[in-house]
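Chemist: Below you'll find the structure I mean.
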Amino acid sequence: MLTNNQNVLKWVDEMVALCKPDKVEWIDGSEAQLKALRDEAIATGEMEALNEEKLPGCLLHRTKPNDVARVEGRTFICSRKEEDAGPTNNWCDPKEMYAKLTPMYDGVMKGRTMYVIPYSMGPIGSPLAKVGVELTDSIYVVLNMDIMTRMGAQAFENLGDTSNDFVRGLHSKADVDPENRYIVQFPEDNTIWSINSAYGGNVLLGKKCFALRIASYQGKNEGWMAEHMLILGLENPQGEVTYITAAFPSACGKTNLAMLVPPEIYRKQGYKVWTVGDDIAWLKPGEDGRLYAINPENGFFGVAPGTNEKSNPNALASTKKNTIFTNVAHNLDDNTVWWEGLDKNPPENAIDWMGRPWNGKTSTEKGAHPNSRFTAPAENCPCISPEFNTPKGVPISAMIFGGRRAKTAPLVYQSFDWKHGVFVGSTMASETTAAATGAVGVVRRDPMAMLPFCGYHMGDYFAHWLEMGEKLGDKAPKIFNVNWFRTDDEGHFIWPGFGDNMRVLMWIVARCKGEVDANVTPLGYEPKPEDINIEGLDDITLDTVKGLLDVDVDLWKEEVAGIKEFYAKFGDKLPAELNNQLAALEDRLNKA
Ligand code: OXD
Ligand code: MN
């Protein structure tokens, strides 16, 4: 046992009595203990050790083919009142859910070991950090939590002997039965129960379950925010760093933006981009009244396919040691890994993500699952921010929302003020791509990219955003919207994206510093086209930029109709302010 905290000890005893493991092992986080667990996982075949020279300390794991992604349909928010979960979450009465799941956990760990994992979300000693304890029967979970969190005895030191403020996570892979898979948050009990999955997002309970679903609820009650946002720092040649957060729905290049490599013209001058986080931000007003952010995580759980030397060299470099790969292809020639989009040289002698022999040169099937992942320590990242472990976090100057829109949203615009910015975030949307199943080009609303992650009623969540703005006053970050995905008449992307997105960030930073004017449009403030630096871009002229910033009033009137329909879901929980914002936008469009 690593703690005298009676709240922890009592709860662990109860869960041991329920799950009936043969053995209980407390995870202190020591290298000796982790090595023994790695060796055990390798011996049982749960994981495979990769080439010690090319990928030192790296492991490969395959999940069951039925267990390769988060399962939103089986994810529940069990607040006592249904209206507190709201229309965007699955809800079940907590008593009923406990009654349904308790028999499933009864004796589920017989013949297995229960690992007790203490962890901190956020740097140890940070006033923004919080402690969790995850109980699991999976070594894969222990080894991933070691990368993704500050795991081990140190987390208990942060908790102290009497506090009850820790999140109780119970996970069992059970039989990995998709019919009985449940990912359940009980926000009022600080509790998460996950069963019948062994896939990352469903079982690394510190991540989406705690750091977003439970934490968003805690943040509402305690005056802070848990957001699905990357955090980056943009350093100018004078050494001043401006910090920005950004929220995007999936498949919009969030990790790439977090680890952006500045284009040559900026690199030469001495500009740098630092990564603080790639997925989640916890934000709280600091003593000076500004909003400060920490990344609660300690690693990256990134999508492997498409990651390459060009798209994201920093992410790729992060995976070169002490990384766990899940559901990628295994190159048997040199015992390394491969995924679609890594390079143009797929291995011929390989095993695919389902464990079958695979020839990448001739096979028409994919070697890696499209949602295959790397779990990489943040400290491996060449551009990890020097402030990554700073307890007080970094002061945020700008918050960016974005989505994938072919025609409507311009390259960038700034909201008129915080309230208008909350409106912009609440109406965030992406158009479906051919990569997803279903129709192409359908608009999916995903407010603040939090649709599957908000642990309470989304109408109350919007109200919380508005309240935070009141509290921050003129110290509030400026809010922007970006769209890297406008297409021409043939459907080709117009803007080059990737590192060149820095050109847009430069305008955003200049706006935060009051260094550049803007045009007023019905949507908000837009750059004067000449203020987007296009030096060194072959295919982009001033006219292209004008086109990218163009506002199609008719399309936006359709957009307003779509927003009205979406807002109707929230009934009287929708803050009146957002309806006012919508009416004001409609009015501006009518006058345009
Ligand atoms: C993720 C997600 O895995 O947002 O980060 O789905
Ligand atoms: Mn995410």
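From the backbone N, Cα and C atoms, a Cβ is placed for every residue, glycine too.
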Chemist: Determine which of S120, S250, S415, S426 appears in TrEMBL for the same substrate site as R70, Y199, G200, G201, N371, S372, R373.
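Modeler: For substrate, TrEMBL names R70, Y199, G200, G201, N371, S372, R373; of S120, S250, S415, S426, the listed one is S250.
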Chemist: Among D161, D278, D279, indicate the single residue that TrEMBL lists for the Mn(2+) site containing K208, H228.
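Modeler: So the Mn(2+) site in TrEMBL includes K208, H228 plus, from the candidates D161, D278, D279, D279.
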Chemist: Within a 10 Å radius around the Cβ, which one of these binding-site residues has the most neighbouring Cβ atoms: D279, D500?
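Modeler: That would be D279, with the highest Cβ count within 10 Å.
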Chemist: Out of G201, K208, A251, D279, which binding-site residues have CB atoms lying under 6 Å from ligand 2?
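Modeler: Listed by sequence, the hits are D279.
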Chemist: Among S250, N371, S372, the binding-site residues in question, whose Cβ has the most other Cβ atoms within 10 Å in this structure?
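Modeler: Ranked by Cβ atoms within 10 Å, first place goes to S372.
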Chemist: When the Cβ positions of the recorded positions G201, S250, C252, D279, F498 are compared with the atoms of ligand 1, which fall under 6 Å?
Modeler: G201, S250, D279
Chemist: Can you check which residues sit near K208 (Mn(2+) binding site), meaning Cβ under 8 Å from its Cβ, same chain, 6 or more apart in sequence, and list them in order?
Modeler: R70, G201, P452, F453
Chemist: Near G253 (GTP binding site), which residues of its own chain have a C-beta under 8 A away, given they sit six or more steps off in sequence?
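Modeler: The list for G253 (GTP binding site) reads W484, G497, F498, given in order along the sequence.
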